[in-house]
Structures are given as C-alpha cells and as structure tokens.
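Since the structure comes first, as structure tokens, the remarks are kept for the end.
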Amino acid sequence: MRLGSSALAWRVDQLGVFTKPSISAHPSSLVHPGSSVTLHCLSELDFDKFILHKKGITQHFQLPAKIIHAGLPYTQANFSIDTMTPTDAGTYTCYGSLSHYPCEWSAPSDPLDIVITGQYQKPSLSTQMGPMVGSGENVTLSCSSKTPFDKYHLSREGEARDHWLSGWQSHNGTFQVHVPLGTANPFHGGTYRCYGSFKGSPYEWSSPSDLLNLSVTGEDPIPAAYPGTYCPPQGQYHKPDILIGLSGVIISIGIFLSVLIGYWCSIKNRKSKTGEDNIT
C-alpha cells in the first residue's frame, strides 16, 4: 500500500482515551482504478500524530499532525493513495495520539469504506414515470444489468452514504432491482447513479450507470396534523374558546378592581383616623 507513511506493527495498549477524530475521502470514497484519493483525519484536539488503520491487515500507518485554522484550531493528517488498485479498497478508521502518551490512542473514527469502481460493466438506472415527477406521487427507481450482481448500490450526488439492495428479478435475460423512494417531494430531486457488486469482493463495484437527473414538480404537500387533532379553518373559532377567553378577561378585571378598591378604602380609613387624632 502506498500511503506515503511508515507502516508499523498493529499494537496499542489503550484505546478510547481521547475523543474520536473524523475521517473523510477527497475527492470521493468511490475511486476509479489508477486514480488518487486522499484520506483526511481531523480532530479538534491537539494531537501530535494520526494513525490510519485498514480493516483486515496487521499494520497501520501514521503521520505527524498539522495544525490548521478554520475558525477554530484543528489538527489534521492527510494519507494519500497515489494509484488506486483493488488491494487499496476496504474499510478505514483513524486514531489520534500524543507523543508523550504513545500507548494511549483516541477512540476510533467512524469507519469509512473506500471502494474501487469500474470493475464490471455498468448497469442502467431508470424510473417508470420518467425523470420528472409530480409532488406527492410514488417514485421507484429501477437498476438493471445484464450481469447478475449480488448487490446493487444507489448513490445520490451530495450524499456520503449509498443505499443498497440485494436480490433481483430476472426478465428476458436482464437482472433488475427496484428502489422505492416513497412519496415524492422536492427533497428527492437530484442526480442519481447505481452500481453493482458481488459478495466475494464487496469493495469492487461496477462502472456507474449513466446519470439520472430526477426533478420533482409542484408545491410541497401541507403536512397533516397529528391524529386526533382538529385545526379549524383560518378565521373560524369555537364558541367555547371565545367564552373561556372572555371569562378569563372578566375575572382578571374583577381581581384588579377588588385590589384597587381595597387599597382606596385603606387610604380613606387612615385619613379618617388621622383626623380623629388631631381633634382629640
């Protein structure tokens, strides 16, 4: 593996001492053969180094941390795969560590799958209703291929995670899987692709299907109220609600007048008593 860092034996005395860092791939976690990809390990903590580990191997890779500033100080290390091959694909995690505590590592980052694409012929992606659907209509995407893949992956541009389905239906030599998106709303609009893969090589996918640009027309449906609730039309109110409101106002006025009258009587009594004392 060509990650531009030293490979060390997988040994650590204590994990989870510090908060986990994050890991991401640039430009994407889906990589064409021969292309390059960089794995970014990032933390808000002031780590001296980051350690990158690939699931299934007994070695790990480490790099010194660099301090970056993006509003707040962060530490980061960039692990580069210069030429992507099937052996580089897999699940990666990263850790942070301090030089004066070399045997104490952070908790592992969330796992990141690096996938190599273009290993098999591309499938096709379509929708029964065409690329433009009305808001509120049920939408299902169909991924089909001549190859009987074990799993199909649906990817949406701008989302880090893919959605996948296993199993397929065969029709006239074509293998197909259906991905229901549910009731269409503007959120479902976007650019989609699909891929195929086999169980024996889960990190090796087919070439991507041609892009499907899905557009949702119409306004957002008004969300329904919770079951058992009633929302009267605008300007319409129940008479009991009005009576309750008026009763509250009348009671408040009555209390205020009672306090005012009591205060006035108290002042009058004091004046009367003062006058009697003066006469005496």
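Cβ from N, Cα, C; glycine included.
Taken from TrEMBL, the feature domain 'Ig-like' covers 21-94, 123-194. Summarising the annotation, TrEMBL assigns transmembrane segment to 242-265.
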Helix, strand, coil residue numbers for the domain 'Ig-like' (123-194) per DSSP?
3 helix, 43 strand, 26 coil
Residue counts in helix (H, G, I), strand (E, B) and coil for the domain 'Ig-like' (21-94), per DSSP?
3 helix, 46 strand, 25 coil
Do you know the mean pLDDT across the domain 'Ig-like' (21-94)?
92
